[in-house]
Amino acid sequence: MTRGSRRLASAVAFVLVAAACGTSAPPAPAPPAPPPSPPATTASSPTPTPQVEHAPAGFVRLRDVDPSIIEEVRYATPHNFTGDPVPGYDEPMCVVTQPLAEALHAAQQQLAPRGYTLKVYDCYRPRRADERFVAWAEDVGDQRMKAEFYPGLDKSRLFADGYIAARSGHSRGSSVDLTLVRLPARPQRPYVPGEPLTSCTAPAAQRFPDNSVDMDTGYDCFDNLAHTDAPGVTGEAAANRNLLRDVLTSVGLKNYANEWWHYNLPHEPFPDQYFDFPVNSAAFR
Ligand SMILES: [Zn+2]
């Protein structure tokens with residue numbers, strides 16, 4: 001018997017047995033599952049995966065809502081009152097709560113036809129950054145950036161005068177520091193650490209050449225002249241402050257009277273929570 005005829009005979013015999021029983025052929029038994037393969041191991045101990053700190057639901061990147069708003073996140077750079085990039089700002093990116101992003105987008109839509117864009121300086125701020133500010137404020141010996149940011153104020157007054165707080169509304173994600181820029185936005189040279197500093201209260205032509213409109217002081221200028229309705233601010237600068245305030249007020253934001261650049265969302269989604277996730281892209285993956 002050849003192999004083929006033997007297979008045919010077996011098949012015929014099987015069909016006959018099945019027909020005699022009056023049942024259909026049972027399914028062939030499944031082969032036993034192979035044992036699970038052991039996990040791949042190496043001789044060295046496994047590398048720990050870095051812990052990614054995700055942004056909570058309700059936070060967004062401003063650029064995902066309105067990419068036309070200019071972002072110059074100062075605390076991610078050395079161009080701020082401490083003179084160093086601030087912990088927690090891993091990337092120069094504006095993160096805010098969703099309703100604040102939508103309010104800024106609505107403001108931008110009003111401003112663009114009038115020839116302006118918003119430019120944000122600070123948005124959500126991790127708690128660790130405020131902790132750094134507090135440590136910096138207590139270190140009265142560090143006066144590196146005094147000439148630009150607090151030329152007329154003793155460093156020991158920064159807390160008492162409300163310019164620095166142990167806990168900031170920025171850490172709740174619903175505060176923003178911002179200004180206006182005329183369109184088309186002029187290019188702006190980078191700040192060079194160690195460059196000679198000019199007072200934030202000096203005339204615009206002498207201050208650091210920010211491409212924003214003249215608000216009569218630079219950003220983060222710890223001086224009475226930074227009060228939104230400071231009596232010494234008149235003419236074009238006063239008009240610019242009022243334009244920023246009028247537009248932002250119309251979309252539901254509220255100004256902090258001691259800083260022309262600071263606005264917050266009165267009905268914020270996290271009124272009692274201070275967050276600490278870092279500002280970086282991984283927080284949104
Ligand atoms: Zn602020």
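From the backbone N, Cα and C atoms, a Cβ is placed for every residue, glycine too.
Remember, TrEMBL labels are computer predictions, not curated facts.
For GLU259 (active site, proton donor/acceptor), other Cβ atoms within 10 Å of its Cβ number 19. Feature annotation from TrEMBL assigns active site, proton donor/acceptor to GLU259.
The Zn(2+) binding site annotation in TrEMBL covers HIS170, ASP177, HIS262. Sequence-distant neighbours of HIS262 (Zn(2+) binding site): residues of the same chain at least 6 apart with a C-beta under 8 Å from its C-beta are SER175, VAL176, ASP177, ASN255, TYR256. Mapped onto three states, the DSSP output places HIS262 (Zn(2+) binding site) in strand.
The compositional bias 'Pro residues' annotation in TrEMBL covers 26-39.
Feature annotation from TrEMBL assigns region 'Disordered' to 25-58.
Positions annotated as signal peptide by TrEMBL: 1-30.
Taking the Cβ of ARG125 (site 'Transition state stabilizer') as reference, residues of its chain lying under 8 Å away and at least six apart in sequence are, in sequence order, TYR75, GLY88, SER168, HIS170, SER171. DSSP gives ARG125 (site 'Transition state stabilizer') a coil state; it is part of no helix or strand. According to TrEMBL, the feature site 'Transition state stabilizer' maps to ARG125.
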Neighbouring C-beta atoms (10 Å sphere around the C-beta of HIS170 (Zn(2+) binding site)): 25
